[in-house]
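Handing you a structure now.
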Amino acid sequence: MATEAEPGRRRRCCAQDTPDVPKVPDSRGDSDGPGRGSLCERHCAAINNVQGDLGDLGCHLHRPRVPAGTSTPSCCQQHSEETCESCVGKTTLTAENAVEANKLSNNYKFGFKKWKSHVTARPWEDRSEIVKELYSDLNVIRGSGGSTLTCGNVLYLLLFGWWLSLLYVLVAAVMLVTVVGAPYGWLCWDLAGYFLWPFGKVIQKVEVPKCQQASEAGAGESSALLGGPTPRHWRPRCWAGTGYWRRAGTAAWLCLGYPALALAHGLVCVAAWLLIVLIPVAKLSARAASRVLLLPPERVLIRRLRMTEVPLEGEVILCCYRAANPYYYKYAVDGINVFAVNLLPLVLVTLVLGYVDSANRLSGSAIKFTLALLSIMPLSYYIGMAIASISAQSNFAVGAVVNATFGSITELTFYITALIKGSREGNRCYAEVVKSALTGTLVGCVLFVPGLCMVIGGIRHQEQRFNSRSAGVSSALLFLSVGGVFAPTLFSKVYGKLVCGECHNVTQNPLGHYLCHNCHFDLMDNNGTLYYSHVQPLVYTVSILLPAAYLIGLFFTLKTHTHIYDIHISDCHMPGHHHSAVVHWSRWRALVILLLSTLCMSACADLATEHISPILTNSTISQYFIGVTVLAMVPELPEIVNGIQFALQNNLSLSIEIGNCIAVQVCMLQIPILVLFTIFYPTNFTLVFSDLHVYASMFSVVLMNYIFMDGKCDYFQGTVLVMVYFILLAVYFFAPSPSGC
């Protein structure tokens with residue numbers, strides 16, 4: 001009796017204590033299941049589904065790994081009545097292989113950035129048909145192509161088709177004039193019609209036909225595939241003779257015709273690749289220049305597809321139906337997203353233009369600053385990809401060291417170069433800009449990043465749940481870190497001497513009211529006794545305590561209270577498929593890319609700080625606003641994209657942890673490192689912030705903690721966070737420039 005009562009209590013726990021959990025349809029229908037625990041398992045599966053998996057790999061119920069030879073217990077067998085109530089707080093992560101599981105396990109820890117990139121190649125048979133189409137070589141004939149009159153095809157005609165076809169006509173005329181290149185001229189004439197509208201047509205590589213066989217075929221050749229006779233001008237042409245005439249015609253083609261067409265296809269390929277959605281056009285041009293134009297003309301056959309019941313004879317070289325595909329934002333080259341690939345040349349242009357044109361003859365400081373700032377985005381992506389690759393192929397200790405060392409390298413590189421430049425020029429404005437950037441990163445990651453993820457994720461999911469216990473740990477440490485960072489500021493407000501630039505008596509009475517401007521607390525009164533004897537020791541003490549609190553937080557969440565995060569790496573996979581992991585980047589390759597990206601990041605940061613001075617001095621916008629927005633959020637764009645992707649997959653826990661992790665690292669790692677740097681290299685940076693920074697940061701942390709208390713959210717709460725963030729941006733926009741700028 002006792003053994004039957006316990007499962008009954010567990011079943012009631014799962015069925016009644018989680019009323020907000022959506023029901024999971026049972027594949028067995030509405031009939032009663034064979035076991036008593038079926039209802040509990042369905043509810044626990046729904047709970048895990050609500051928590052958001054990193055991908056649906058065909059697993060109905062995600063279970064943690066168990067030792068070999070032991071059976072996997074059900075949800076109700078694993079949890080007692082008390083622990084079943086905390087099923088909502090679980091975070092179940094799915095991984096395709098052991099390498100991805102190791103990456104998730106090593107990166108989903110407190111204080112480490114949650115890199116989204118896959119470090120291994122996904123099995124081809126496990127991908128969707130949409131993704132498979134992205135990687136096709138445009139040589140597959142589909143059963144039903146549908147109508148070829150689409151917006152993307154018309155766009156191809158307007159951008160590339162008309163002038164590419166005209167170029168083929170001109171080259172055809174030139175080759176016909178040479179006489180020996182006449183077969184290539186007729187080929188160009190056929191290709192002119194093809195590239196004007198290549199959709200629904202196919203280019204074949206056929207065996208070398210005899211001219212007698214071509215003539216015997218006649219105009220009456222037909223097939224079920226073509227649906228009618230083959231047009232005469234699409235038949236392969238042969239030279240009248242062999243030997244000398246063929247060699248002469250090929251030489252004339254390689255000298256007069258092929259270079260111009262190859263150059264044109266190269267331009268089309270680059271332009272279409274940069275537009276991303278037109279990557280099929282880039283593949284079309286690349287394949288035409290590398291395969292079609294290098295074949296003998298008698299081996300090229302161009303046909304229009306009307307029916308596809310009968311396969312074509314010969315190799316299919318090109319067969320294109322659509323010029324544009326909106327899903328190419330998912331396209332990756334060797335594991336690198338296409339956006340990061342396209343932005344990589346921008347880094348080279350920035351470095352060459354910045355260091356070669358040091359006199360600003362080719363471009364001004366504003367352009368160079370913008371290019372340097374934009375170059376930080378792809379470099380941040382490469383650094384994150386390298387960190388994820390190393391972490392996935394190493395143990396936790398190595399992953400932790402790499403993540404802690406290079407996780408904040410983007411921001412620290414810019415801050416340190418800015419402080420060095422400000423110290424050399426004796427300009428305090430650079431230190432104020434760095435403080436604004438630090439505050440902007442903190443406020444943006446606390447308000448904007450989770451708020452935007454809630455809004456976008458709430459569009460697809462009515463209500464999203466997350467691990468409120470882990471979010472509470474991050475919130476508590478944020479309170480601690482914000483209090484520690486701004487403690488020297490509050491100390492200076494209490495004991496500092498208020499000094500004003502100018503004051504005017506508004507009542508014309510010596511004892512009346514005075515209106516003062518440019519007031520600040522002077523810490524250097526009496527030869528700096530207050531600062532050097534009281535404020536500076538406090539700054540050093542805080543800079544030691546904050547990293548210590550960071551380490552205690554790591555020990556708390558990784559060692560003694562690991563159940564707070566309750567991470568489960570599921571090893572279930574699609575039925576029938578067992579694949580070994582194919583890593584995109586090896587550890588040595590990832591390490592080399594990490595070091596090169598860090599060097600390029602340092603160079604771009606140096607260029608950004610070199611050319612920011614005219615913007616700070618000549619701009620009508622407050623320096624506060626420039627630091628809080630541009631300098632703070634641009635390096636975090638890859639992480640914002642990661643958070644949005646997690647939210648769309650109903651995994652809001654990771655989206656929130658991304659923002660909290662960056663905010664904690666700003667206060668507990670980046671600021672102490674900057675203070676340590678000023679000890680060895682004196683700069684104008686002091687850990688005393690303006691009142692605006694203090695109020696904005698504290699209010700943001702309080703609001704975030706209030707929103708995250710119940711462990712669930714919707715798009716309205718996300719809208720509140722985003723709106724508050726924009727209100728603070730408006731305050732910074734209209735605020736006067738800081739003193740010293």
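The backbone N, Cα and C atoms fix where each Cβ goes, glycine too.
Curation does not apply to TrEMBL; its annotations are automatic.
What TrEMBL records for 23-35 is compositional bias 'Basic and acidic residues'. The feature domain 'Inner membrane component' is assigned by TrEMBL to 151-201. Here TrEMBL flags 368-487, 590-732 as domain 'Sodium/calcium exchanger membrane region'. Positions annotated as region 'Disordered' by TrEMBL: 1-35. What TrEMBL records for 154-187, 260-281, 336-356, 396-417, 437-459, 471-491, 538-558, 590-609, 621-641, 662-681, 687-708, 715-735 (among others) is transmembrane segment.
Distances, neighbours, how buried they are, the whole picture for these features please.
Taking Cβ pairs closer than 8 Å, the transmembrane segment (260-281) reaches residues 134, 138, 152, 155-156, 159-160, 164, 167-168, 171, 188, 288-289, 293, 320, 322-326, 328-329, 331, 338-339, 342 in its own chain, all 6 or more past its ends.
Distant neighbours of the transmembrane segment (437-459): 411, 414-415, 478, 482, 627-629, 631-633, 636, 639-640, 643-644, 646-648, 650, 652, 655-656, 658-660, 662-663, 666-667, 670-671, 689, 693, 696-697, 700-701, 703-704, 713-722, 724-725, 728; these residues of the same chain sit at least 6 beyond its ends, with a Cβ under 8 Å from one of its Cβ atoms.
Sequence-distant contacts of the transmembrane segment (471-491), counting only residues of its own chain at least 6 positions beyond either end whose CB sits under 8 Å from a CB of the stretch, comprise 110, 442, 446, 534-535, 538-539, 542, 545-546, 549-550, 553, 556-557, 564, 653, 656-657, 660-661, 663-664, 667-668, 671, 686-689, 693-694, 697-698, 701, 704-705, 708-709, 711.
Within the chain, the transmembrane segment (538-558) has long-range Cβ neighbours (under 8 A, six or more residues past its boundaries) at 109-111, 470, 473, 477, 480-481, 484-485, 487-488, 491, 564-565, 664, 667-669, 671-672, 675-676, 686-687.
Only residues 6 or more beyond the boundaries of the transmembrane segment (590-609), in the same chain, are considered here, and those with a CB under 8 A from a CB of the stretch are 347, 350-351, 354-355, 368-369, 371-373, 375-376, 379-380, 382-383, 385-387, 389-390, 393, 402, 406, 409-410, 413-414, 417-418, 420-421, 430.
Beyond the transmembrane segment (621-641), the same-chain residues lying 6 or more positions past its ends with a Cβ under 8 Å from any Cβ of the stretch are 113, 116, 373-374, 376-377, 380-381, 384, 410-411, 414, 429, 432-441, 443-445, 448-449, 452, 615, 658, 662, 692, 729, 732-738, 741.
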Quick one: DSSP breakdown of the domain 'Sodium/calcium exchanger membrane region' (368-487) into helix, strand and coil?
104 helix, 2 strand, 14 coil
Could you give me three numbers for the domain 'Inner membrane component' (151-201), the DSSP helix, strand and coil residue counts?
42 helix, 2 strand, 7 coil
So if I exclude everything within five residues of the ends of the transmembrane segment (715-735), which remaining residues of that chain have a CB under 8 angstroms from its CBs? That is, six or more out.
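Here the qualifying positions are 436, 443-444, 447-448, 450-455, 457-459, 621-622, 624-625, 628-629, 692, 696, 700, 703-704, 707.
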Counting each residue once, how many in the domain 'Sodium/calcium exchanger membrane region' (590-732) are helix, strand and coil under DSSP?
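For the domain 'Sodium/calcium exchanger membrane region' (590-732), the helix, strand and coil counts are 117 helix, 2 strand, 24 coil.
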